[in-house]
């Protein structure tokens with residue numbers, strides 16, 4: 001009876017330890033890490049406004065994840081394979097959860113968010129200091145009150161978000177290299193593309209949930225529950241609006257910690273997929289083999305590091321692949337990181353709307369593409385070389401197709417004194433002294449305050465005072481300004497809070513942009529798996545983990561870290577009007593020159609992607625001349641495994657172990 005129970009327990013452990021169970025757990029880890037990453041990316045504009053920081057610092061915060069990843073990627077990739085890989089992945093998930101929790105802390109440590117406005121929440125008909133008034137003395141200089149300046153120092157709490165993102169990057173370090181190498185070591189070579197496709201497709205669940213979560217949180221005011229939202233004079237489409245970004249980070253922290261649990265129950269090694277264990281081997285033999293293997297690993301844990309690095313450095317396909325990846329990832333990070341900001345400024349949408357559109361339109365085709373290419377490569381046994389040729393052609397086609405984005409654009413917001421004159425004539429450049437005009441010089445208005453109103457003539461103004469408005473009716477977001485001397489229209493010369501919305505033709509262009517994005521996302525996902533398989537097969541099996549880690553190291557140090565920083569700095573140069581803090585320091589940008597923004601957003605990534613096809617072309621040439629090391633090793637491994645399986649089937653009969661499928665298949669593989 002005891003032997004039967006032991007056999008049942010052993011069978012249960014072996015079933016739990018199969019590669020597909022690990023694939024499921026790793027997919028959950030991919031979901032949790034991509035959930036955290038995509039949510040972070042969707043909340044960048046909210047963080048920028050919360051802490052009143054420029055886009056370059058936002059890029060630094062976003063790139064700090066790569067800094068954390070960079071600190072350990074080489075060590076984890078090499079030494080991690082000689083340790084317990086599943087447990088290291090589990091520890092990484094826990095660290096990611098702690099990093100997400102730290103990122104939410106500033107909300108609880110700092111005071112309420114105070115947005116820049118000329119209107120008091122308690123403004124009424126008798127309190128009209130924000131309107132146009134003649135012979136009034138207004139202080140055009142910012143306050144120098146030390147108490148106010150100390151209060152603004154709380155904006156430095158963005159450093160908590162920076163450090164939390166670094167910790168999140170440290171936690172994610174072991175997941176990809178150790179997870180992929182674990183699957184590659186114990187899965188059939190023909191199943192690897194399918195499994196990686198499942199991983200990448202499953203990973204898309206995280207971004208979908210993350211973007212939905214981001215859209216939900218962006219609609220909720222940051223201080224919900226502690227302020228009366230009826231008193232707010234801004235809406236989610238306003239560039240001063242800050243959503244409840246901190247809620248999502250708490251959710252991400254919990255999800256990451258939960259997904260860590262299964263990895264602590266996986267063994268260090270698994271039997272090769274498709275082969276059965278020799279269960280007749282005694283437990284003493286197993287323990288002796290494990291002891292000898294552990295001693296051998298401890299002796300060689302460092303001696304192979306430098307030879308492996310030299311071998312990888314002398315691998316031309318591998319080095320060209322790193323160069324291609326660096327250029328492609330630079331372009332991808334630049335476009336994806338600031339895509340929400342671009343759509344907000346280009347098409348006049350709120351963060352909540354933009355994030356939802358990205359999730360609905362871009363992620364499903366990516367998921368379908370990952371699964372489709374993995375299935376096709378397995379079903380039709382497409383070699384890595386053929387897949388690489390196909391990926392190159394499709395990627396080049398998608399790149400040429402992306403140039404249509406240059407024709408799908410909208411004009412600047414029509415803001416008097418910034419992008420147009422008060423007569424509605426567009427300015428080629430922003431000229432600060434044009435903020436004041438004959439219609440508002442008598443009003444003694446603050447010229448550096450951003451509290452826009454939309455006139456019934458279709459023009460926006462930086463404030464009700466600069467629009468020459470002398471009267472207000474209503475409260476909160478329903479406030480209406482009347483008798484506005486700068487608004488020349490056939491109506492009553494009135495204005496409402498907020499920028500004027502862009503026309504219906506701009507909404508149509510947004511639809512075309514999204515259609516192009518769907519096509520581009522689908523083609524991108526189809527080309528991603530073959531490219532990754534080339535990476536796995538162009539290096540020797542014993543160098544695989546280090547090769548993956550070195551590839552990740554180079555893409556992070558030359559793309560992941562600098563790309564959002566320099567791209568954010570370039571975007572800052574297109575800003576037309578900066579918010580003003582109480583001590584006179586510039587805050588977050590309120591409005592951009594969308595024409596310059598569009599050129600930077602589209603031209604720079606196009607140049608980077610275009611240059612990446614030159615090393616990619618050389619990779620195809622080299623692949624025609626040489627056999628990839630991974631393919632050679634894979635064939636030899638399968639040959640040895642098939643011979644061993646046949647021998648065991650002939651000599652042993654252990655609990656009905658199935659035999660080789662047929663002799664013809666064996667001869668074919670031999």
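Placement of Cβ uses the backbone N, Cα and C atoms for every residue, glycine included.
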Residue pair residue 19, residue 381: same membrane side in Swiss-Prot: yes
Swiss-Prot annotation of transmembrane segment - which of the ranges 546-571, 572-597, 624-649 it falls on: 546-571
Around the Cβ of residue 465 (disulfide bond), the count of other Cβ atoms that are within 10 Å: 30
Stretch contact, the transmembrane segment (204-224) with the transmembrane segment (312-333), Cβ-Cβ under 8 Å, 3+ pairs: no
Segment-segment contact (the transmembrane segment (21-40); the transmembrane segment (156-184)) at 3 or more Cβ pairs under 8 Å: yes
Criterion met for the transmembrane segment (156-184) and the transmembrane segment (546-571) (at least three Cβ pairs under 8 Å): yes
Stretch-level contact, the transmembrane segment (354-377) and the transmembrane segment (514-536), CB cutoff 8 A, at least 3 pairs: yes
Nearest-integer angstrom distance between the alpha carbons (Cα) of residue 454 (disulfide bond) and residue 469 (disulfide bond): 11
Spatial neighbours of residue 483 (N-linked glycosylation site) that are distant in sequence (at least 6 apart) but have CB under 8 A: 469, 470, 471, 492, 493
Nearest recorded site to residue 486 (disulfide bond) by CA-CA distance, among disulfide-bonded residues 439, 445, 465: 439
